[in-house]
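Working notes, structure below.
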Amino acid sequence: MAEWLLSASRQRRVKAMTAAAGSAGRAAVPFLLCALLAPGGAYVLDDSDGLGREFDGIGAVSGGGATSRLLVNYPEPYRSQILDYLFKPNFGASLHILKVEIGGDGQTTDGTEPSHMHYALDENYFRGYEWWLMKEAKKRNPNITLIGLPWSFPGWLGKGFDWPYVNLQLTAYYVVTWIVGAKRYHDLDIDYIGIWNERSYNANYIKILRKMLNSQGLQRVKIIASDNLWESISAAMLLDAELFKVVDVIGAHYPGTHSVKDARLTGKKLWSSEDFSTLNSDTGAGCWGRILNQNYVNGYMTSTIAWNLVASYYEQLPYGRCGLMTAQEPWSGHYVVESPVWVSAHTTQFTQPGWYYLKTVGHLEKGGSYVALTDGLGNLTIIIETMSHKHSKCIRPFLPYFNVSQQFATFVLKGSFSEIPELQVWYTKLGKTSERFLFKQLDSLWLLDSNGSFTLKLQEDELFTLTTLTTGRKGSYLPPPKSQRFPSTYKDDFNVDYPFFSEAPNFADQTGVFEYFTNMEDPGEHHFTLRQVLNQRPITWAADASNTISIIGDYNWTNLTIKCDVYIETPDTGGVFIAGRVNKGGILIRSARGIFFWIFANGSYRVTGDLAGWIIYALGRVEVTAKTWYTLTLTIKGRFASGMLNDKFLWTDIPVNFPKNGWAAIGTHSFEFAQFDNFHVEATH
């Protein structure tokens, strides 16, 4: 059939095109420039009756939380290569939008991100890595849209309550300082600001936030609400004229490609302001390809933002590898440009915010969808997807069954597009390795003698972009280093005088915030340390532990010795620990098991089988007090563990049957100041 179609089109002296797929030499993707009498649907692309909604861009989230944690520690040139694949125009994912967490000191999925205001009188706009990431994105794409959104908030805002709306002015002030600080210290213009990720909004707070933004000359910063469901915020806006006025964008999460009537009635921009969060396999890529089209076709959403940007966190944390690409090995430099990057490129490289969707978009007769966008200056981009149900399931919500089958689809260009002479063609086929293509440029499609029509043979799990733009490119670098396990011998003395980042490499805070610290009281061996800096529980987004904890290393570590100098700052009630085989993190941190070796300022020690301290293996008295440095050593081998204080055994050969493996960790008994130094792990798997 394919050979006959090609010969038929050659007889019409019109350039045709094939893409090799499957066995060598077999034409699998015939294009016909005139509508041959093949069965299938016909789809008109026309701007005669005006255009659809304005396109606002495709983006991704860093944060919510700590999803870019390991990225900052990558050596060059690999770190820059990863950033190029994400942000560089006409190279890889070429993202239009970067949305970041406004760090609030709380656990927000895969870790905590530090606030710019840990305490009421504290301001520091160099903590964490989101400032750096936004600058790197802007460096590559000066036009990228920047969004900030809080997940958790520092505890002092709640005045003793786990609630950010106790003092509306104070919380608005806190958020506005972040926006002002972004400009003052980093020359970053934040374009949009959110309310409280996937939690309650407060209409009065939104109004106060708008007034405070205006009072600071930030009229250009737009407000997104409410980063949760469509229903409540949409209905409230229809009933409250002032709220309606101050909300610029209605953002919903994981909408399943559908919006609701009230949201559409507002006439406001509708965004899927968080979506995807699916393993970045080809099925994840299929999910992403389907929703990028169908969020507009079904729900009129003009922006879709993926959680998350890059999977730069330990893979065994919740939602491992749910980024557009994977970069979770700074110690080796290894990273993987996953298929969702190239699915993104099908839209991002051939559109820009400010383009418009055509009104003529929709579903294909035998499954799949098509959208078309224009810049109003004669350029046209058409994106067609035929993702099957089996290979495009997102992590949420439930996807009702649908069928996709092979079909011929004829597209007819009308209106201002009828005279387009040529379209560039980019192609992706997901699935079996033997048939798989990612963002492959095919021969261009000539339309001169075809009355603006062409026919495509479409199969399951394909993506086509047909465009007048000639700037598309599949960027590439030499392969990165091979994957390696975390080093089995690891040391950090934290002796960094002017750290570029506030957090020590590879430590992933799961409750609390651990920062480089210059200990002015100790000019000697412990002048530079790592310090847990929170002294009260944050306004939480997830179930933070009651203890602070930072994990590090290889989740598969079984037999290991952890040694660390520790310094309790809180007299009487203070306490610190080192731990091994820690088996949970992220939003599950409260239930983490492992082997935890604690010492307390009241002169006691404890060995527990969990972070919460319910499973007690041993306890006793020991000469320990606050404001003194001690060296703790924990050795775990097979089914037994032993502990030393200042290189003398304190307890030995305690049976430990569970867990069998996990990370190393350090932490404190409560939200209290404490310091750590000369961390050292020796591990065997």
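Glycine is treated like the rest: Cβ placed from N, Cα and C.
Fair warning: this is a prediction, and the values are worked out from it, not measured in the lab.
So that you can see what the record holds, here are the features copied from TrEMBL:
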ACT_SITE  Glu198  active site, proton donor/acceptor
ACT_SITE  Glu274  active site, nucleophile
DOMAIN    55-349  domain 'Glycosyl hydrolase family 59 catalytic'
DOMAIN    357-472  domain 'Glycosyl hydrolase family 59 central'
DOMAIN    509-683  domain 'Glycosyl hydrolase family 59 C-terminal lectin'
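Annotated pair Glu198 (active site, proton donor/acceptor) and Glu274 (active site, nucleophile), C-alpha to C-alpha distance, rounded: 10 Å.
Between the listed active-site residues, namely Glu198, Glu274, the fewest other CB atoms within 10 angstroms of a CB are found at Glu198. Taken through DSSP, the domain 'Glycosyl hydrolase family 59 central' (357-472) splits into 6 helix, 53 strand, 57 coil.
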